Amino acid sequence: MENQSIIKKLHSFVPTQIINEDVSTKRIVFLGHLEGVEGDKGQALLIAERIHFKFDISRLNKKIIQSTHFENIQENDIYGWAEGCLFRTDIEDSDGITKSYEPQTKFMMIHPATQKHIDKYMGDTKKYLEETPELYKLVTKKYIESEDLSRTSWVYNILEGKAEVDRVVYKDTDPNEGFVLLPDSKWDGITLKTLYLVALVNDRSIKSLRDLTSKHVGLLKNIKHKSMETIKCRYPGITESDIMMFVHYLPSYYHFHVHIINVNFDAGSVSANVGRAHLIDSIINNIQNISPSYYQNTSLYISVNNKMYNMFQHSE
């Protein structure tokens with residue numbers, strides 16, 4: 001057995017346990033044994049990791065999705081999600097029956113896509129800077145106020161019960177302290193180690209962290225308490241010490257929301273860069289114990305794309 005080729009070993013591997021999985025690297029680690037080998041000599045680990053997409057340039061300007069089998073389909077405004085296969089993966093077995101592999105790829109479609117959507121997903125380089133309260137008023141606030149309201153239509157659809165109703169795990173209808181809790185689209189809804197929920201507040205006047213004052217402490221505490229109670233009830237085994245709640249600044253969209261993840265989830269991939277995530281406990285502490293208007297009077301250190309960086313530079 002020692003001289004057995006890797007191909008034979010792969011075919012004889014029998015998994016008995018999943019000992020690790022990482023949604024950020026798309027890697028899963030199986031513990032098992034090789035069939036026919038007794039004791040410790042047969043024990044083996046199999047690490048499986050999704051490889052980078054290998055896309056033939058000749059396929060550009062041609063249809064690439066040919067599979068007819070999709071699962072977990074959701075639609076909300078201009079956004080749509082589904083799980084399926086990139087390129088055709090139908091196979092014919094020995095009985096001549098055509099089957100499809102299980103979905104291998106998670107798809108998200110934005111249609112129609114605006115230039116802002118294109119810029120967001122283009123992979124622009126970032127610049128790091130200090131956003132003083134003055135710069136916030138001169139640049140960021142004006143930018144937020146100029147945002148096309150249609151960019152948050154999908155959020156309002158959820159709040160009003162027009163979309164993704166079956167995904168909502170908790171809803172508090174209070175206009176000031178209420179919120180809707182649902183799984184983030186990045187989470188598979190099953191793997192508790194990568195649990196990822198988002199709380200969307202009912203109060204549409206709160207656009208970002210900068211808007212929070214002492215009058216919002218009740219909202220923040222309500223999100224923290226009721227989300228935690230819902231999680232413990234809905235996902236047995238999860239405790240308060242397993243959960244981390246935070247706010248992004250700058251956020252990816254300007255309707256106030258709180259990210260709620262398992263602390264074992266790779267926060268680096270969620271936060272995108274150091275300093276962007278502000279823990280909800282720290283936010284409450286800063287407002288209650290330092291200043292009721294802490295986030296209106298403090299400088300925040302942020303990373304921005306080149307376009308926004310130039311806006312800051314030209315404001316000085």
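We number each residue from 1, going along the chain as drawn.
Cβ coordinates come from backbone N, Cα and C, glycine included.
Per TrEMBL, the features are as follows:
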ACT_SITE  His257  active site, nucleophile
BINDING   Trp154, Glu164, Asp184, Lys186, 248-259  substrate binding site
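When the binding-site residues Trp154, Asp184, His248, Leu250 are compared by Cα distance to His257 (active site, nucleophile), the shortest distance belongs to His248. Remark: Val258 (substrate binding site) has Phe179, Val198, Ala199, Val201, Leu220, Ile223, Ser227, Met245, Phe246, Val247, Ile280 as non-local neighbours, by Cβ distance under 8 Å and separation of at least 6 in sequence. Each of the binding-site residues Trp154, Tyr254, Phe256 was assessed for Cβ neighbours inside 10 Å, and the highest tally belongs to Phe256. The C-beta environment of Leu250 (substrate binding site), restricted to residues of the same chain at least 6 apart in sequence and closer than 8 Å, consists of Thr140, Ser208, Arg276, Ile302, Val304. Highest Cβ count within 10 Å among the recorded positions His248, His257: His257.
Scoring each of the binding-site residues (Asp184, Ser252) by how many neighbouring Cβ atoms lie within 10 Å, the top position goes to Asp184.
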